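As structure tokens, the structure follows; a few thoughts come after it.
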Amino acid sequence: MNIHEHQAKQILKKYGAVVPEGVFAFTVDELIEKAKSLKTEKFVLKAQIHAGGRGKAGGVKILNTIDELSVAAKELLGKTLVTHQTGPAGREVKRLYVEESSNIDKEFYLSCLVDRASSKIVFISSDQGGMDIEEVAEKTPEKIITTKIDITDEISDADCEKIIAIYALADDAKKQAIALIKSVYKMFLGTDANMVEVNPLILTKEKKIICLDAKVNFDSNALFRHPEIIELRDLNEEDPTEIDASKHDLAYIKLDGSIGCMVNGAGLAMATMDIIKLYGEEPANFLDVGGGASKEKVSAALKIILSDKNVKGILINIFGGIMRCDVLAQGVVDAAKEINISVPLVVRLAGTNFKEGKEILDNSGLKLISAENLDDAAQKIVEAIK
């Protein structure tokens, strides 16, 4: 689950990190009234959307007076920002954040995330702050340091010094940076975060270490432990279809292709998407129905897939372990009759009761295309939509 910048900064502040003082609001009048409490020569106005690249899209402005802030806020609120992360449709700005300006001397990059390969927490640091870290990794990889921390260990001063070595800080600033690393680590563990990113992390001309921007993503599977974080969820920033899918306990992510996918198991879903690409088409979604598939769940999944107007065909790929293929097949047949599917539908079943499942599909009277294996299924759905 993602949250807004102003929310991320408040959590960082709670754990001891230093952030600029700021206020957020849903209306211009509210913003201006709150901004009067800020002690600053200049105001930094920021659009609050769940996407990076706001500055280049006109979503970050530096203003000299309250009057300038009011004019800029009126222009920005309700505007649709298009960045490299929003896609061509962009995101509408529905809340604004204004904070005190900072006297920047140097900009750094810092992030903390889970390294699944080593089962450790990894810190990524760079002296190239304010830039897209992927771009830095591609052009100047020597500018990036990665430091792995065992999740069972406390983070030490020595660990912190490794992380911040590339910043080349003087003594007092170095102490501040070490304290910040410990705060980020404590926050990461304490909130069950997947990622904490501070970009840029700055050294001011007054020699203060400050988190100038922040992005946090939380493990959705651990949110039951954090009701206070659940309250920060902004449904306006999420795809309505993905919200609907979550209500039916479906793991769904919309993509840009033309072949809808319904699969049980995340690994099999990824393999299904890969083989669709191998045969020259693009998947329209990732959809994992999980270990159980009632008629209602299959029907909901098909409706969600078909709500995407780009879908020209559907591939259902099921390996029956806990899930019985005959139960899934009956769910597909019942749902297909109810929805009246008009696009080609290829079904591949394997595993528990797959023979019974195939019989149900063959005797359904529906124009379903049966596949023997994943390779066969991918070829058939690609051919069917041509």
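The backbone N, Cα and C atoms fix where each Cβ goes, and this holds for glycine too.
Record note: Swiss-Prot gives G321, I322, M323 as substrate-binding, and the candidate from N236, N264, N373 in that site is N264. When the Cα atoms are compared, K46 (ATP binding site) and I322 (substrate binding site) turn out to be 48 Å apart. Among the binding-site residues G55, E107, I322, M323, the ones whose Cα sits within 10 Å of the Cα of N199 (Mg(2+) binding site) are E107, in sequence order. Using a 10 Å Cβ-Cβ cutoff, M323 (substrate binding site) registers 20 neighbours.
Across the structure, E99 (ATP binding site) and D213 (Mg(2+) binding site) are spaced 11 Å apart at their Cα atoms. On the 0 to 100 pLDDT scale, the model's mean across the domain 'ATP-grasp' (9-244) is 94. The number of other Cβ atoms within 10 Å of the Cβ belonging to N199 (Mg(2+) binding site), over all protein chains shown, comes to 22.
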